[in-house]
């Protein structure tokens, strides 16, 4: 029986499952001639969650790409950086596996592994993060660390990062909590000096402190549909412990910090180790030896480094890698411009000597892969300006002389007479 008479006209209700009376529980929910208390509802939820957790990895395992598959996808879009790809593939796989199985596995709490990418300008840090988000079909947003300031100061609050992520998925909190956030220029928020100052460092150490809880995992309160916060407003609650944070930076000068640590203790005077200029380590070799203490010396606070346990270093791109970037990836620059010209019904051809010249120019500018587009854009500017007004052009050829500025691109016409007239 789920109800008993307490006295004349009084009914005492009991839970049909555990037998507790309505006075022993917080809430008793009525059904057709049955009752269930809040404690039994919670117990049922726990049982269902546990069963789903046991089934989920087996059911969803095939949907999550393996580290080998993630690496293969990155290879399609990013040239080189083999070590960084492997580190990212494992870290991303473990992160999403942790989300699918719950934060605990067999009673062991699984920690969060955010990622720090260290590499020179134009080495592919941003592209790697974008490609990962596209493969996993999760919301992705980028933030510039140089625009962030502590709360209460002019500039962007760190919680604006989560707001941008929510905007990417139409304010769907569940989707946002599975997203990826890439924070660029993270090296620019390093401490300005080792010495304490009477002036507040609101865009350096202050921002690192503000980012700590966000990166580690907290419940961020974000205004719905953007706008400023005010006391009467209801906020969206976003659990950042499920969001993967990838921080990247060029860390100019870090190689000198690493070198100082490496040579420390080698002796002085006659006992000192003498190194020739040719024996000096390259930027890539120096970055490969990076230790947490080097990042602390550079200006990142120990707590912040602790929240980024996975460190991947990217190498400088040489001329051969830049040539590969121009023609090999699925969305290679030459393929993009060829597709653009194809919309005009014109074939675009880059000769090998032209690709070599573009790569050499980018190397001279020290802009890495990022500088390739500006070079190609400048070379093709006049052609793209004139082409829509010209009739009968079937092909445009770019060679080394065009890149050097010694001649204009060669235009081949369908009609030989038009070709002859254009050559005059």
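All positions are counted from 1 along the displayed chain.
The backbone N, Cα and C atoms fix where each Cβ goes, and this holds for glycine too.
If you check Swiss-Prot, you get these features:
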type	residues	note
BINDING	15, 18, 37, 40	Zn(2+) binding site
BINDING	120, 121, 122, 123, 124, 125, 126, 127	ATP binding site
DOMAIN	3-56	domain 'ClpX-type ZB'
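Closest in space to residue 15 (Zn(2+) binding site), of the binding-site residues given as 120, 122, 125, is 125, taking the CA atom of each residue.
Listed binding-site residues: 18, 40; maximum Cβ neighbour count within 10 Å falls on 40. The number of other Cβ atoms within 10 Å of the Cβ belonging to residue 122 (ATP binding site), over all protein chains shown, comes to 23.
Residue 126 (ATP binding site) has 40 as its nearest neighbour among the binding-site residues 18, 37, 40, going by CA to CA distance. Cα of residue 124 (ATP binding site) to Cα of residue 37 (Zn(2+) binding site): a span of 56 Å. Around residue 123 (ATP binding site), taking its Cβ as the centre, 29 other Cβ atoms fall within 10 Å, counting all chains. Secondary structure at residue 122 (ATP binding site), as computed by DSSP, is coil. Excluding the listed site residues 120, 121, 122, 123, 124, 125, 126, 127, the same chain places 119, 248, 314, 368, 369, 370 with Cβ atoms within 8 Å of the centre of the ATP site Cβ atoms.
Model confidence over the domain 'ClpX-type ZB' (3-56) is summarised by a mean pLDDT of 80.
With a cut-off of 8 Å between CB atoms and residues at least 6 apart in sequence, the same chain places 77, 78, 369 near residue 127 (ATP binding site), listed in sequence order. When the binding-site residues 120, 121, 122, 123, 125 are ranked by how far their Cα is from the Cα of residue 40 (Zn(2+) binding site), 125 comes first. Within 8 Å of the centroid of the Cβ atoms of 15, 18, 37, 40, where the record puts Zn(2+), the same chain has further Cβ atoms from 16, 17, 19, 20, 25, 28, 35, 36, 38, 39, 41.
DSSP assigns residue 15 (Zn(2+) binding site) to coil in the three-state reduction, outside any helix or strand.
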